[in-house]
Amino acid sequence: MSSRKQLANAIRALSMDGVQKANSGHPGAPMGMADIAEVLWRSHLNHNPQNPNWADRDRFVLSNGHGSMLIYSLLHLSGYELSIDDLKNFRQLHSKTPGHPEYGYAPGIETTTGPLGQGITNAVGMAIAEKALAAQFNKPGHDIVDHFTYVFMGDGCLMEGISHEACSLAGTLGLGKLIAFWDDNGISIDGHVEGWFSDDTPKRFEAYGWHVIPAVDGHDADAINAAIEAAKAETSRPTLICTKTIIGFGSPNKAGSHDCHGAPLGNDEIKAAREFLGWEHAPFEIPADIYAAWDAKQAGASKEAAWNEKFAAYAKAYPAEAAEYKRRVAGELPANWEAATSEIIANLQANPANIASRKASQNALEAFGKLLPEFMGGSADLAPSNLTMWSGSKSLTAEDASGNYIHYGVREFGMTAIINGIALHGGFVPYGATFLMFMEYARNAMRMAALMKVQNIQVYTHDSIGLGEDGPTHQPVEQIASLRMTPNMSTWRPCDQVESAVAWKLAIERKDAPSALIFSRQNLAQQPRSAEQVANIAKGGYILKDCAGQPELILIATGSEVELAVAAYEQLSAEGKAVRVVSMPSTDAFDKQDAAYREAVLPAAVTKRIAIEAGIADFWYKYVGFGGRIIGMTSFGESAPAGELFKLFGFTTENVVKQAKELLA
């Protein structure tokens, strides 16, 4: 039997070799955490390399994602479909082993990590999902949801502010199945961290309500194993295991220094490390006995088979719950979804209401929520303003995790990355909310959702200068454009309750990308529509008002400015002008339509166009051309009543008509 140290050295060797072959990467963390990884993965982690998507597997997150050769080595050694050639292709174009772990590339990668602090935050989301699913589905004698979430994180993760947001909430929610390992090696890129990171981390986490196991020797397998056993035994609090490690362990001349953090060791140092570790094998060569000791395929298959037997017994005793669990974990919508939601939208069109689109959003939640037990909502301490709670909302707490609504507190970034974790875990359709202005705090987590192609629905209310007296600190200007310009992001700014419901429906159906739903504070007039127009809302842009024959002018508007465009249309039409109004709640959805549809809505021959939106003006040139005009924002807002601000910045019928006449002259 191979010694534990040699099993860990296999990780060190592969990590050194992979980084060296790529001529870039981070060997220090994988070499420093190899002993911890060996104990966790071989003695504790419940997983099946032959089915990386087994629903009740333990989750493992490498929050310090720069140490990616660690997880690639673990996946390869354990028997996942990640070959030695894949490891040799580390950091190369179209490889399964990119520089930072990316969800969807190599099997067994649970989340994309790299921006520090977001991995631990995703893990908090996964642990919340596990606790909530267990509370909703487990029955006495039938624990079908019962798994741990393990995280590796470094000093950088703990310095990032998002780690405070996430770990504070994790303590409050009593996430007893969350176990984090702090790689306490005292080194970051700039050198020894005591000059910029002198926190008492154990006391910090104790203050959060965590179970803290301090001063564990990260190179002592028995000490590591005992710490993990103690962590698993603590069921009411998350655990932080503080592991003291040597970065680059095994490198005789670079271990313990920043020299091995983010650069290849070099051939000479790798040779010296091999001698120091007693690793006598060639680069990328793993002996058969090491492979055999690491191989988790048979053990994993046995664990999943045992769970399948448990689930079969559960299904026999609780057939309805078992069917519902399978539906939700598979990410399937209820069978009656399409018919029920289409009827809801038709009824909204037939019963006009002039309400704020944030209220329209709440009405959509009320209607759709009754169909979706998988909804998991929340807000960053703005529920009464975002209107994200509905009659079926039940708060999720440490004592009762069967709820479907998370009070995130004032933690926009944490909320958004936690929701990424909930979505990655599966079993829920998660949404969060804040003011549109404060998506700025959460921007990178939404970008990560788009990069990973996961469902993260964000409700952004108070969407413009219409916010009024709170002033420019709270009035978004450039935020909508930045969301629209994010690849794989679906952004909607509806003009009334019907467009709002359609936006919600599509966001719920869109499993492979995040959605930003942008709503107003102020009341908006509902627009009359035909059934065909209602159907065309889903296309992102459609003709709302039209003239006989070819228009001479097209007004394009979104959200609260649609009624402004309609008022100008009516005045111009009464004066004999041939005008069309295009409502464009989602530019990305419109851009995905075929050329014929886009030409039918915005004919190339009609060059006189005005875009109207209380957001940054520059975005709209792609739709109006340089010969068109934009009534939009070119500065920050002001503190004043909303009506005065709309007048000040030109969002009036008079100004739209004036601009139109100048363009037509």
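Glycine residues also receive a Cβ, built from the backbone N, Cα and C atoms like all the rest.
Since we're looking at a predicted model, the values are computed, not measured.
Matching ASP155, ASP200, ASP217, ASP220 to the Mg(2+) binding residues that Swiss-Prot gives (ASN185, ILE187) identifies ASP155. Together with HIS261, ARG358, SER385, HIS462, ASP470, ARG521, Swiss-Prot lists one candidate of HIS26, HIS44 for binding substrate, that being HIS26.
The Cβ of GLU412 (active site, proton donor) lies under 8 Å from the Cβ of ALA380, THR434, PHE438, MET439, TYR441, ALA442, each of these being in the same chain and 6 or more residues away along the sequence. In this structure the C-alpha atoms belonging to SER385 (substrate binding site) and PRO115 (thiamine diphosphate binding site) are separated by 30 Å. Sequence-ordered, the extra residues of this chain that approach the Mg(2+) site, with Cβ no more than 8 Å from the Cβ center of ASP155, ASN185, ILE187, are GLY154, ASP183, ASP184, GLY186, SER188, VAL193, THR245, ILE247. Recorded residues HIS462 (substrate binding site) and ASN185 (thiamine diphosphate binding site) have their alpha carbons 45 Å apart, per Cα-Cα distance.
All protein chains shown were included, and the count of other CB atoms within 10 Å of the CB of PRO115 (thiamine diphosphate binding site) stands at 20. Taking all protein chains in view, 26 other C-beta atoms sit within 10 angstroms of the C-beta of HIS462 (substrate binding site). ASP470 (substrate binding site) falls within a helix when secondary structure is assigned with DSSP.
Residues listed for substrate, HIS26, HIS261, ARG358, SER385, HIS462, ASP470, ARG521, cover a largest CA to CA span of 49 Å.
Annotation for the binding-site residues LEU116, ILE187: lowest Cβ count within 10 Å of the residue's own Cβ, LEU116.
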